[in-house]
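Look at Swiss-Prot and you will find Leu121, Gly125, His126, Leu127, Ser355, Pro356, Phe357 tagged as (6S)-5,6,7,8-tetrahydrofolate binding site, backed by sequence analysis. Residues or ranges marked as site 'Plays an important role in substrate specificity' by Swiss-Prot: His229. Feature annotation from Swiss-Prot assigns N6-(pyridoxal phosphate)lysine to Lys230.
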Amino acid sequence: MFYKNDQIAGFDDSIWQAMEQEDKRQQDHVELIASENYTSARVMQAQGSQLTNKYAEGYPGKRYYGGCEHVDVIEQLAIDRAKELFGADYANVQPHSGSQANAAVFMALLKPGETVLGMSLAHGGHLTHGSKVSFSGKIYNAVQYGLNEATGEIDYEEVERLAKEHQPKMIIAGFSAYSRVVDWQRFRDIADSIGAWLFVDMAHVAGLVAAGLYPNPVPIADVVTTTTHKTLRGPRGGLILAKQNDELAKKLNSAVFPAGQGGPLMHVIAAKAICFKEALGEGYVEYQQQVIDNAREMAKTFQTRGYNVVSGGTDNHLFLLDLIDKGITGKDADAALGRANITVNKNSVPNDPQSPFVTSGLRIGTPAITSRGFGLEEAAALTGWICDVLDDISNEQVIDDVRSKVLDLCEKNPVYR
């Protein structure tokens, strides 16, 4: 028998201690990983609710289990809010992750062995855009495009050339480490010229799109996927969106369930619905604008200190720092900044001589620091401290001094007030 007041503490102290330590880490560290953010307490409340008990295979009104009348309401609210938020005619809120949402798109639109054209992981793409270590590169014939070496921006002429040469059945637009606005219409035109599907993965910029601060691909692409965390600031999960197309909707639904997943996670779907409502509410546009402003301030400050920002700046929430000319690896920079309580992630840069396990760059993003209240002043100061560490990366005294400043900044700006 279970009781409502049962607690982890005192029952499983090993797990509780790790949870408490992670809570302290989040409070005492500055989070600059572009794919991470903080959810609201409301989102966490839904994820820790009794909804986790309910199996609900199928879709609202068409379940394989009884007792789904209330979770049907929840899932339909999530669907309706997602469609309103992104101007879509179709939404599937069941994917457990962005990668599973992407896998469903592949399954719905392609046959094994057919050709896809996506951005190279080494140039800012994602594993599921055709990497050889992913299902997308193992099951399908993946061709990869990259960035223009001179500008650090997508080489659309290369995309067009590769599309004509390889005749892919699907072109993928989207990224995991690209700081500029993507020309969705240019991709549409290229796809149309060869009769290919256009699939957009907007996982990183979905929050900016929802706020109207980044071009919306939904009216342009055949299918759009996103995660529900990152800039969208919701629970970890996936989402598929599309325009009106009944045949395509049927294929996508079948690719999610039963082809790719079994029962949906109703506690996560409830959290998604709450996240969408938050994104439709007051203050959301201002938050996303501050995310962009903070990223631009950081990129500008890095450049002032003599650091190379790929593409020369940013139009969204992230940018890549190229450390090749500094003689520093991304791995060493990541570790040194971690000791200063600044969390980043090492990242490959275009034409990186290092392996993906070492890299020559850092990916830096501002969604999380903006969620805890950082503005331009804090963003500039933080960037200066990062430069101090990287300028003298073996100096532990400098790292200790920066760590003290970071702790003070974090204390003044708690994650949850």
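A Cβ is built for glycine as well, from the same backbone N, Cα and C atoms used for every other residue.
Structure with Swiss-Prot features highlighted.
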{"residue": "Leu121", "record": "(6S)-5,6,7,8-tetrahydrofolate binding site", "Cβ contacts under 8 Å, 6 or more apart": "Leu127, His129, Ser131, Gln144, Ser176, Ser348, Pro356"}
{"residue": "Gly125", "record": "(6S)-5,6,7,8-tetrahydrofolate binding site", "Cβ contacts under 8 Å, 6 or more apart": "Gly118, Met119, Ser131, Gln144, Ile172, Gly174, Phe175, Ser176"}
{"residue": "His126", "record": "(6S)-5,6,7,8-tetrahydrofolate binding site", "Cβ contacts under 8 Å, 6 or more apart": "Asn102, Met119, Gly174, Phe175, Ser176, Asp201, Ala203"}
{"residue": "His229", "record": "site 'Plays an important role in substrate specificity'", "Cβ contacts under 8 Å, 6 or more apart": "Ser35, Glu36, Asn37, Thr39, Pro235, Arg236, Gly237"}
{"residue": "Lys230", "record": "N6-(pyridoxal phosphate)lysine", "Cβ contacts under 8 Å, 6 or more apart": "Ala34, Ser35, Glu36, Asn37, Ala203, His204, Ala206, Gly207, Pro367"}
{"residue": "Ser355", "record": "(6S)-5,6,7,8-tetrahydrofolate binding site", "Cβ contacts under 8 Å, 6 or more apart": "none"}
{"residue": "Phe357", "record": "(6S)-5,6,7,8-tetrahydrofolate binding site", "Cβ contacts under 8 Å, 6 or more apart": "Lys331"}
Self-check item: Pro356 ((6S)-5,6,7,8-tetrahydrofolate binding site): tally of other CB atoms within 10 A of its CB
Solution: 13
Self-check item: Cβ packing number for Leu127 ((6S)-5,6,7,8-tetrahydrofolate binding site), 10 Å threshold
Solution: 16
Practice problem: Could you measure the widest C-alpha to C-alpha distance across Leu121, Gly125, His126, Leu127, Ser355, Pro356, Phe357, the residues recorded as binding (6S)-5,6,7,8-tetrahydrofolate, and give it to a whole number of angstrom? | Solution: 16
